[in-house]
Amino acid sequence: MSQARLMDGSALARRIVEDTAKKAADLKERTGTAPCLATVLVGADPASVTYVRMKQNRSRKAGIESRHVELPATTTTAELVATLDALSADPTVHGILLQHPMGEHIDERAAFEAIAAEKDVDGVTFASFATMSFGLPGFVSCTPGGIIRLLDEYDVDPSGKRAVVVGRSAILGKPAGMLLLARDATVTYCHSRTQDLSAAVREADIVVAAVGRPRLIRGEDIKPGAVVIDAGYNAGNVGDVDFESAAERASLITPVPGGVGPMTIATLLEQTVTAAARQLGV
Ligand SMILES: Nc1nc2c(c(=O)[nH]1)N[C@@H](CN(C=O)c1ccc(C(=O)N[C@@H](CCC(=O)O)C(=O)O)cc1)CN2
């Protein structure tokens, strides 16, 4: 029987998006300009197509214009960088989202770094990573930022807690750990070379699963009363955590779907409106 309380990302995301829509409307009224988010998709990976569509639809509902750039899977790094340079220089675009993954032949870092810092509403550049890591104002990576908002919403203070982040990707695991560190958690990163994952997870007061391996984290490894954040995206809306068994021991747990996912998009929209306001001098 499940004991954990659900951390309802859908409900919190809805409130953030409603608030963001009001700010977007206010900005348009004051400046005559609606915030604009450019989405860039390389190739046609079905999951990425879905995520980009979700971002466009929710942008529209929040009064954010979207400009979509679709590039073929054969796009080179140089071509992608040229596209991102053009969007970075375009004053009618306030935020840029480069959907990940983008193909193994592409130098992902070169592509992310082509996004102007002031338009990095997805928090993927080195500049954003630095401000995020030092707890300074700037744009956060959207999923990690959404995770911190969920923790705040459910009164989970990471200070002094042992946090274990499973996964070290540039857009998820690494920044999630840095945001928790900035909140004074004692952070351990686990990854494919970690020798005893179960032992590390068993120590955790906060577990962030961000590795993309369906049901990797099981209830028997969850410390009783731990907070479990499932940030795994796998086919069929299955998370990285075995929800049923983990919920028996956790005090709080995010569901998949309806947990971290909606928070990712809400954070993106919120940061787009912030970027637009700054660029429009409001
Ligand atoms: N440039 C980026 N690429 C990727 C990111 C990112 O933040 N920036 N994150 C993931 C995927 N992702 C957004 O791109 C994403 C995944 C899932 C959801 C979501 O809301 N999922 C729903 C379920 C969706 C459904 O019904 O099919 C949920 O969890 O409730 C949002 C965003 C990789 N790439």
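Cβ atoms here come from the backbone N, Cα and C positions, even for glycine.
Here TrEMBL flags 7-122 as domain 'Tetrahydrofolate dehydrogenase/cyclohydrolase catalytic'. When DSSP labels each residue, the domain 'Tetrahydrofolate dehydrogenase/cyclohydrolase catalytic' (7-122) comes out as 61 helix, 18 strand, 37 coil, counted as helix, strand and coil in that order.
Look at TrEMBL and you will find 141-279 tagged as domain 'Tetrahydrofolate dehydrogenase/cyclohydrolase NAD(P)-binding'. Residue counts for the domain 'Tetrahydrofolate dehydrogenase/cyclohydrolase NAD(P)-binding' (141-279) under DSSP, split into helix (H, G, I), strand (E, B) and coil, are 56 helix, 24 strand, 59 coil.
For Gly167 (NADP(+) binding site), the same-chain residues lying six or more positions away in sequence with a CB closer than 8 A to its CB are Gly173, Cys190, His191, Val208, Ala209, Ala210, Val211, Gly212, Ala231, Asp240. Per TrEMBL, the feature NADP(+) binding site maps to Gly167, Arg168, Ser169.
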Measure the Cβ-based neighbour count of Ser169 (NADP(+) binding site), defined as the other Cβ atoms within 10 Å of its Cβ. 18
Intrachain C-beta neighbours of Arg168 (NADP(+) binding site), sequence separation six or more, cut-off 8 angstroms: Lys174, Gly177, Tyr189, His191
An 8 Å radius from the center of the Gly167, Arg168, Ser169 Cβ atoms defines the neighbourhood of the NADP(+) site; name the other residues of that chain inside it, in order. Val165, Val166, Ala170, Leu172, Gly173, Lys174, Tyr189, His191, Ala210, Val211
